[in-house]
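Down below is the structure, laid out as structure tokens.
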Amino acid sequence: MSNFYYQDGTLMVEGLSARDVAQAHGTPAYVYSAQALREGLGTIQKAFAAIDPLVCFSVKSCPNLSVLKLLVDHGAGLDVVSGGELRRALQAGAPPEKIVFAGVGKSREELTLAIQQGVLMFNVESTAELERINEISGGLGRKVQLALRVNPDVADETTHAKTSTGGRETKFGIPLHHAEKIIADGGFEHVDICGLHVHLGSPLSEASPYLLAIEALEQMEQRLAAAGREIRYINVGGGYPVSYASPGQSFRPVLEIGQAIAERLQGFRARGKKFVVEPGRSVVANAGLLLCQVEYMKQGWDHKIAIVNAGMNTLIRPTLYGAFHLMWPAQHDGFTGDWEAVARLPAQGLEKVDVVGPICETGDYLALGRSLPAMKSGDLLAVFSCGAYGMSMASNYNSHGRPAEVLVDGSEMRLIRRREVYEDLVAFEVDLLK
Ligand SMILES: *Cc1c(COP(=O)(O)O)cnc(C)c1O
């Protein structure tokens, strides 16, 4: 966690203290480290160096325009799943030929916009979608590139049921044998089916599901080649893991998995294929934290409760996925940021608390039964590894404005999304009051 560290017991984000960020922009706030974002992208590029892929950052994990621009400026392409994300990608300066467009429900408007803008390719999820793209593409006098998203029926036991996407029971992709038949039969005049795509889930903690899926793709690609149907692109999706419990070691898992996948893709490489990867979480999760403040400490029947000003409306992962996020007060005298030591600490000096938000739901918590140093009203609490699927899944539930987003680069900070105010909450409502 070199960009988030404790100095004399004070949490620092690069060259600034978390306290300074909170004083400048209030809480709750998502705070990103520019250096960590660059390192996150660099790690993916390094992990997959052996196959030199186009790295398309998954916009849905962290769609802030400034974050996208920073990544695009460092060579990233972008993976989008809606017209809104496509427009963000273009506004952030991504060249269309480095944008891939996925998602099971692309509308006519979204497809038309993407074809007109000239995206690299679509990842197609059904025959009905293929027919629709063929029709729109023909109408516009184009021939668009696309990859079929194959459902390889590779179930992954290591991820949460809500984030596993490679199994036969999910809504994703086209069953393997069916995809093969579509390509073998041909017959769609206005599209060029040039790629095979898989995305198995998020996060996957082992390489084996990828390796199984790649093996299935390779057999299929070779059968198709023998029948005279050439595939040029292999896209292995995203879902590469990060360490949530120990942010300091965040890059080890993705390096190991990436290298194993790249190794398994060497056969494709030898036959001249090009590659796309679509990492989201592994680039940004450990580049952001959520800074919040304790409103009240309270004693329940038999447990202590810390009520903070961020809840499931701010960070839904704990209650939606049972996700673990490391958290710690931003000021803890004597603390050096040694998380391994924290894990070994005897519970003395710490107290078990439920860390909950202001929302009127029992499921509104950031952590249950967590051992933390004693806190009091007004203390700042940092929730780590929140860069991915944090702000992007935040809501206005209970009519709270969504938090600010701040980007720290060295000893400078920039507000990259202002905190929402009441006027934002009601801006779209039709006025029947007059
Ligand atoms: C969500 C998604 C990704 C990114 O997943 P991460 O776990 O954030 O890396 C990549 N590809 C597709 C098609 C996705 O839906």
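The backbone N, Cα and C atoms fix where each Cβ goes, glycine too.
Here's what TrEMBL has on this protein:
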DOMAIN    30-387  domain 'Orn/DAP/Arg decarboxylase 2 C-terminal'
DOMAIN    42-285  domain 'Orn/DAP/Arg decarboxylase 2 N-terminal'
MOD_RES   LYS60  N6-(pyridoxal phosphate)lysine
BINDING   GLY239, GLU278, PRO279, GLY280, ARG281, TYR389  pyridoxal 5'-phosphate binding site
BINDING   ARG281, ARG317, TYR321, GLU361, TYR389  substrate binding site
The record lists GLY239, GLU278, PRO279, GLY280, ARG281, TYR389 as binding pyridoxal 5'-phosphate. What's the largest Cα to Cα distance among them, in Å, rounded to a whole number?
15
Using Cα-Cα distances with a 10 Å cut-off, which of the recorded positions LYS60, GLY239, PRO279, GLY280, ARG281, TYR389 are near ARG317 (substrate binding site)?
TYR389
Most Cβ neighbours within 10 Å: which of the recorded positions LYS60, ARG281, ARG317 is it?
ARG281
Which one of the binding-site residues (TYR321, TYR389) has its C-beta surrounded by the most other C-beta atoms within 10 angstroms?
TYR389
Listed binding-site residues are ARG317, TYR321, GLU361, TYR389; which sit with C-beta under 6 angstroms of ligand 1?
none
For GLY280 (pyridoxal 5'-phosphate binding site), which of the recorded positions LYS60, TYR321, GLU361 has the nearest Cα in space?
LYS60
I need the CA-to-CA distance for TYR389 (pyridoxal 5'-phosphate binding site) versus GLU361 (substrate binding site), whole Å please.
20
With every protein chain in view, what's the tally of Cβ atoms within 10 Å of the Cβ of PRO279 (pyridoxal 5'-phosphate binding site), excluding that atom itself?
30
List the residues in the vicinity of the pyridoxal 5'-phosphate site, defined as same-chain residues other than GLY239, GLU278, PRO279, GLY280, ARG281, TYR389 with C-beta within 8 angstroms of the site's C-beta centre.
SER58, SER61, SER202, PRO203, GLY238, TYR240, SER282, VAL283, ALA388
Measuring CA to CA, name the entry from the binding-site residues GLY239, ARG281, TYR321, GLU361 that ends up nearest the residue listed as 'N6-(pyridoxal phosphate)lysine'.
ARG281
